[in-house]
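Undergrad: Right, I'll just put the structure down here and ask away after.
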Ligand SMILES: Nc1nc2c(ncn2[C@@H]2O[C@H](COP(=O)(O)OP(=O)(O)OP(=O)(O)O)[C@@H](O)[C@H]2O)c(=O)[nH]1
């Protein structure tokens, strides 16, 4: 009864049905069967029959009480039905026939809509017999609704918004992650993009939109697209999980099982070209559930092993499963039909895709941090290594500098007495002469020679002689050192000293003190006491003399020679020297 004010009517409670296993009965025969009362109520009140050969016929008697609405739209709310034939028998015996379904071109439909639909004329206050024949190689379902044009437009408006939102989200995620993949080249993004594409394509086919928009003139492609898109979506879904959860490295056994699923779905996809529709779709549909359970298990396992990105991954999958459970519970009458429950799969999968995109970003960030940490650690290690090497090098350089310094010093010193050697003395003396000339201050040059030193060697031996030379050095340092004297061994048993700022009597007294110091105590060596004496020649260099090193030394040497001639153990001032 289409009462006044009624805008739409779900036909399921009003339908009876009869099976036609061979699918060859015609409308006249079925009208006759119905008249004989051979049509039965729907099993469980639902027009759902699973995979069935042949056809199912449905019957309803329609009576339009509404004065205004004579034109109604009959919609079969299931897009995958192969063939739908609608017969209307009017009171005058006239029978009208219309056909639709995805074995016919899309243009055969009454209005351009993703579900098969038919305009039905229902004259006022007359009884019309509705007979519908449904045949399909996919699951046989025939949920039918009658709409007034206004009710259909309003219902469809809401539906289009929901569908648009769903595919909009999918497309945005697809484009965004495709760009990310092109930029970052992380395979996870590629498999995610393909997963979204595969899933989107399946939904597009199942919604009937692929037939409407992609291949409206190819019923063959519309039928082939379902198993192909299923196979593709499952292959990339498993591949995405493998890549995201890093199964090859983290769970090798699960990785092999995953590869098994991929091989199965890939083969079934190929087989869809040759196998009958049902043979291809049924095994795949059955394999989807263990596949999903498997993914849940490996995700839980990954979390248990401390792989943090798997948490978001699992949450994403939980949303999809929850959405699917909502949808299924409406089908089984457990939950009421609301926006959330009816569009559970779409909502769940949209949330799943969004969360998976977050999961990918999280995983990528984690990989980047891990990389940065490794690089940082490596750099720190390198820096420590370089610092250690640098400190070793600088220590070695310091040691080398010290050794060089020692070497330089030893090259300046006489090994026996520790005084400067002759070569270094000449350099230093030259500087002193120069400074003295500039500052116009005097310098006293003393040349000393041990007396009869040959006898010392001959009597007590060379080692005793060496000890005497060392003693002589000490006497020089003790006596002239405090006066800033430049002291050197001149050669053999000869010594030289240059004392600055000393001249005249002071110079003679200083030399006398030195001479007396040398002969005051005998040198003690190996139980022997060796008496020593020295002769000293003095020359005083004055400012303005213009004296050179050799001149000064010659003069002092002459004085020394004179001291020797005077009988030794005495101090002699050079003749030309003016004290
Ligand atoms: N033990 C020792 N003797 C040295 C060294 N250098 C030179 N002599 C000795 O010093 C002696 C110098 O002797 P002479 O030049 O004859 O002079 P002298 O015996 O000191 O006599 P006068 O100088 O005339 O008093 C030589 O016997 C050299 O062998 C040395 O490094 N060690």
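Each Cβ is built from the backbone N, Cα and C atoms, and glycine gets one as well.
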Undergrad: Quick one: sort out which of 161-182, 227-248, 381-402, 403-424 is the transmembrane segment according to TrEMBL.
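TA: It is 161-182 that TrEMBL describes as transmembrane segment.
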Undergrad: If you look at how TrEMBL annotates this chain, which of 100-118, 119-137, 138-156, 347-365 comes out as transmembrane segment?
TA: 347-365
Undergrad: Between the candidate ranges 257-275, 428-446, 447-465, where does TrEMBL place the transmembrane segment annotation?
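TA: Spelled out, TrEMBL records transmembrane segment over residues 257-275, not the other listed ranges.
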Undergrad: Hey, which of 161-182, 189-215, 257-275, 312-335 has the most Cβ-Cβ pairs under 8 Å against the transmembrane segment (347-365)?
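TA: The listed stretch sharing the most Cβ pairs with the transmembrane segment (347-365) is 312-335.
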Undergrad: Under 8 Å between C-beta atoms and at least six residues away from its ends: which parts of the chain pack against the transmembrane segment (281-300)?
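TA: Result: 51, 138, 226-227, 230-231, 234, 237-238, 241, 245, 247, 251, 254, 257-258, 261, 264-265, 268, 310, 313-314, 317, 321.
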Undergrad: Counting each residue once, how many in the domain 'GGDEF' (441-576) are helix, strand and coil under DSSP?
TA: 64 helix, 38 strand, 34 coil
Undergrad: What parts of the chain pack near the transmembrane segment (161-182), using Cβ distances under 8 Å and only residues at least 6 beyond its ends?
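TA: Sequence-distant neighbours of the transmembrane segment (161-182): 189-190, 192-193, 196-197, 199-200, 203-204, 207, 209, 339, 343, 346, 349-350, 353-354, 357, 360.
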Undergrad: Under 8 Å between C-beta atoms and at least six residues away from its ends: which parts of the chain pack against the transmembrane segment (257-275)?
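TA: The answer is 224, 227-228, 230-232, 234-235, 238-239, 241-242, 247, 283-284, 287, 291, 294, 298.
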